[in-house]
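According to Swiss-Prot, the protein carries these features:
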{"type": "BINDING", "residues": "R54, T85, R107, H119, D121", "note": "(12R)-hydroxy-(9Z)-octadecenoate binding site"}
{"type": "BINDING", "residues": "R54, W87, R107, H119, D121", "note": "leukotriene B4 binding site"}
{"type": "DISULFID", "residues": "C24-C146", "note": "disulfide bond"}
{"type": "DISULFID", "residues": "C56-C168", "note": "disulfide bond"}
{"type": "DISULFID", "residues": "C118-C147", "note": "disulfide bond"}
{"type": "SIGNAL", "residues": "1-18", "note": "signal peptide"}
Amino acid sequence: MLVLVTLIFSFSANIAYADSESDCTGSEPVDAFQAFSEGKEAYVLVRSTDPKARDCLKGEPAGEKQDNTLPVMMTFKNGTDWASTDWTFTLDGAKVTATLGNLTQNREVVYDSQSHHCHVDKVEKEVPDYEMWMLDAGGLEVEVECCRQKLEELASGRNQMYPHLKDC
């Protein structure tokens, strides 16, 4: 009897694992505008390999998309004070060029969950950083877990910051 119960449990666990693996099929093809919920939702940075990640960083559309550009207000905590900056995101498929005055950051959405509740970005620099963004309103637990798994895979053991746990 114990062998039968163990066998059934093992089989059930394997099916659950297989289902969770197939649930992690991201949105294809990856499109940054889709990943940003077509500019209708705010996203918070929940994990990052960048040791200088801003505390409580949130990106929120600050207007309508014009051609391939989207104005985005980035809000963050600077010590105990809140600060905001107005960026322009230029979107090209999965690629995003974020511009603030003379500062430019290039990134690519490398994973986007099916319902766009979370996504993982690769920040292009000599040693790329990876970031996990989630809807400010929250997301489907299974999709958030898929984003977390994708970030773990890409970050391959690098230290991660949790900027949204900083008294936001």
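The backbone N, Cα and C atoms fix where each Cβ goes, and this holds for glycine too.
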Reduced DSSP assignment, C118 (disulfide bond): strand
Chain-internal residues, separated by at least six, CB under 8 A from C168 (disulfide bond): V44, D55, C56, K77
Greatest inter-residue Cα distance in Å for the leukotriene B4-binding set R54, W87, R107, H119, D121: 19
Distance, H119 ((12R)-hydroxy-(9Z)-octadecenoate binding site) to C24 (disulfide bond) (CA atoms, angstrom): 12
Pairwise CA distance, R54 ((12R)-hydroxy-(9Z)-octadecenoate binding site) versus C118 (disulfide bond), rounded so that it is a whole Å: 18
Neighbours of C118 (disulfide bond) among the recorded positions T85, W87, R107, C146 (Cα to Cα, within 10 Å): C146
Helix, strand or coil at C24 (disulfide bond) [DSSP, three-state]: coil
Fewest Cβ neighbours within 10 Å, where candidates are the disulfide-bonded residues C118, C147: C147
Residues satisfying Cβ distance under 8 Å from R107 ((12R)-hydroxy-(9Z)-octadecenoate binding site), sequence separation of at least 6: K95, V96, A98, D121, K122, V123, E124, E131
Cβ-Cβ neighbours of C24 (disulfide bond) (radius 10 Å): 16
Disulfide-bonded residues: C56, C146 - member with fewest neighbouring CB atoms within 10 Å: C56
Where C168 (disulfide bond) sits in the secondary structure, as DSSP reduces it to three classes: coil
Cα distance (Å, whole number) from T85 ((12R)-hydroxy-(9Z)-octadecenoate binding site) to C146 (disulfide bond): 30
